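Shown next, in structure tokens, is the structure this report addresses.
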Amino acid sequence: MIDLSPLVRRLAGTPLATWSQGLQAQLEAKLEKGHGDLDRWRGALESLPKLTPSQVDLVDGLRLDCDCDDATRAQMHQALMGLSPWRKGPFDLFGVHVDTEWRSDWKWSRVGPHLDLKGKRVLDVGCGNGYYQWRMLGAGADMVIGVDPNWLFFCQFQAVQQYLPELPAWHLPFALEELPANLEGFDTVFSMGVFYHRRSPIEHLLALKDCLVKGGELVLETLVIEGDENQVLVPEDRYAQMRNVWFLPSVPALERWLRRAGFSDVHCVDVSVTSVEEQRSTEWMRYQSLGDFLDPNDHGKTVEGLPAPRRATLLARK
């Protein structure tokens, strides 16, 4: 059982105290429903070697290390491979390099310098396997709660968390919609790689705003297109082979949407075209990746003939 009492204690005396009281029961109800592969993934977690890191780096990457032999490293490799595919990372765990599909460290190097997370209570919506949560702690966050309903990501987070049990990071297998309305308890809320999967983008912005304290900061990272404030791409069907992509606005359009949703001090801090070096198939993620989803003769287009992935990071205040 995952004991959330440290989280409840951490949130005592904060605007999130009332919410925290029901989290253990909510988590256990979700675990009761479970997932068909959950037992297999739990088996992988249980086979991880029992180690205590003597070196922890969450600032320049995500690296844990200690003195261990080749047999222990082989055990670590096999257990972590049992939690494949690994999407976000990379992770360096006791001499095992988990070369994930995404070079999420590249994204963090673009986003992180624009943020002040020192002492902040942070929510990461659609947190994946928690890679960014650890980097947020490395940047000085007081505590980080991630929410993502994907059970594999939940188990991948537990794989790292079992070696860092004292650190104030928690992964809850919940969707944003399962959080109460008007939570208003986080200093910083992240939504990275989620917005374009939402059928109702303004509703998503309002839900994110609901999670923030007054004056809190939103970090929004999403797919965009080039154009003016009236330009928005709605794919006819798939986008880069993804069925669940709905709205790709231009940066000026997205800035307008944020202002319309009641945010202020809206500004874009980064726009980057995603390269096949940043997102690709690896030993740890053997399925198709970005290179398979782009026009082989023109990487400026997807296989559907739409503009290739371009991602922007915007900051805004409640």
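For all residues, glycine too, the Cβ spot is worked out from N, Cα and C.
The Cβ of Met192 (carboxy-S-adenosyl-L-methionine binding site) lies under 8 Å from the Cβ of Lys107, Val111, Asp124, Gly126, Tyr132, Val219, Leu220, Glu221, Thr222, Thr313, each of which sits 6+ residues away along the same chain. Annotation note: Met192 (carboxy-S-adenosyl-L-methionine binding site) sits in a strand segment as assigned by DSSP. The carboxy-S-adenosyl-L-methionine binding site annotation in Swiss-Prot covers Lys88, Trp102, Lys107, Gly126, Leu176, Glu177, Met192, Tyr196, Arg311.
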List of residues, in chain order, with Cβ under 8 A from that of Arg311 (carboxy-S-adenosyl-L-methionine binding site) and at least 6 apart: Lys107, Glu221, Thr222, Leu223, Val224, Val271, Ser272, Val273, Thr274
Looking only at Cβ atoms, how many others are within 10 Å of the one on Lys88 (carboxy-S-adenosyl-L-methionine binding site)? 23
Here the 10 Å Cβ neighbour count for Lys107 (carboxy-S-adenosyl-L-methionine binding site) comes out at 23
Work out the three-state DSSP category of Lys88 (carboxy-S-adenosyl-L-methionine binding site). coil
Cβ distance under 8 Å to Leu176 (carboxy-S-adenosyl-L-methionine binding site), same chain, sequence separation 6 or more: which residues? Val125, Gly126, Val147, His204, Ala207, Leu208
